[in-house]
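As recorded in Swiss-Prot:
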| type | residues | note |
| --- | --- | --- |
| COMPBIAS | 103-114 | compositional bias 'Basic and acidic residues' |
| REGION | 1-114 | region 'Disordered' |
| TOPO_DOM | 1-200 | topological domain 'Cytoplasmic' |
| TOPO_DOM | 222-240 | topological domain 'Extracellular' |
| TOPO_DOM | 262-279 | topological domain 'Cytoplasmic' |
| TOPO_DOM | 301-309 | topological domain 'Extracellular' |
| TOPO_DOM | 331-339 | topological domain 'Cytoplasmic' |
| TOPO_DOM | 361-391 | topological domain 'Extracellular' |
| TRANSMEM | 201-221 | transmembrane segment |
| TRANSMEM | 241-261 | transmembrane segment |
| TRANSMEM | 280-300 | transmembrane segment |
| TRANSMEM | 310-330 | transmembrane segment |
| TRANSMEM | 340-360 | transmembrane segment |
Amino acid sequence: MTEPETLALLDMKEPETPEKSPPQALVLQSEEEGGTESPGTESLRVGSSVGSPIVREGPEDGPDSTISEAATLPWGTDPHPSAPLPDPPGWRDIEPEPLESEAPTKSEEPFKEDANLLPEKTVRAFVPIDLQCIERKPQEERILHRDAGPGELRNFLPARLSHPEPPERKWAEAVVRPPGRSCGGCGSCGGREALRAVASVVAALIFFPCLLYGAYAFLPFDAPRLPTMSSRLVYTLRCGVFATFPIVLGLLVYGLSLLCFSALRPFGEPRREVEIHRQYVAQSVQLFILYFFNLAVLSTYLPQDTLKLLPLLTGLFAISRLIYWLTFAVGRSFRGFGYGLTFLPLLAMLVWNLYYMFVVEPERMLTASESRLDYPDHARSVSDYRPRSWG
């Protein structure tokens, strides 16, 4: 191909490939490696800076021009693999576009939303645990606090939230049924318990008069001669001392249960083993007051022959309280029998006192005169009084 044809071809390709400068760099590197520079290379450098064609300003003859012409051909435009890539022309004139800040914000927003997916109650439940704090003894902790200054103490763990116990769980023991019994919720179990309690009270109603009559008829003792009202009241009070025995015994057991089960706090959670004895003592004291108040009034209306009932009723009170205590501690519905042996005599004495006060001797309701049952018509002289011979 002749030189004019080559120039014509370059003129036709110039607007299409104005940015192809890698062949020039390749020619420059090859010349630098050779160590010699030709005037054609200088013209190539000047031409590359100005942006005009290179071959027109160089010499027409010489091997360098041939190489430059061959390098500018379309089939020789591929850069050498080891050659550095040049910057595209006009890159300095391009204004840098501002970075879009919306993309990272969009990526951060779902991250923030994912961080708070757990509800607030669940997040509070996760409390960091320090194994050193758990394994540390109280003495070591005191030493560390003493050695550290006032400004060095820091709380790394957040304050633990106290989860109050729901009120439903406080009475869970009362709701739970015994494991050995199965109840379908039909209410038959409660009916059976009530039936047993009523049956035990009815048994006490039948057994109480039989026991009292048998003791009155067969026990070998008689009441002393008590002609005055004051002597009868003193005799009743002395008999009442024996009735305090089960109450004092209950107080002793109650105190021991407080010590054994460490239930010394007055407003602490009640324990079953302690509450049994406490309720027994409280109920016994109440019944003792009512029982012996009516017994003292009854002693002023009884004739001399029937004063033997005073010690018998006192003994019945003590025995019935012990029976009730035993059955109440076991948790049986049969405890109604012991309660009936205490309440039924109390009810009988109340009815007897009201009958004498309003029917037999209404004039002596609020006076302290002697009873006409003993004086003067129904009284026996001291010489006529003989104790019964037993044996």
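Cβ from N, Cα, C; glycine included.
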Quick check: do the transmembrane segment (201-221) and the transmembrane segment (340-360) share at least 3 Cβ pairs under 8 Å, counting only pairs 6+ apart in sequence? yes
Per-state residue totals over the topological domain 'Extracellular' (301-309) - DSSP helix, strand, coil: 4 helix, 0 strand, 5 coil
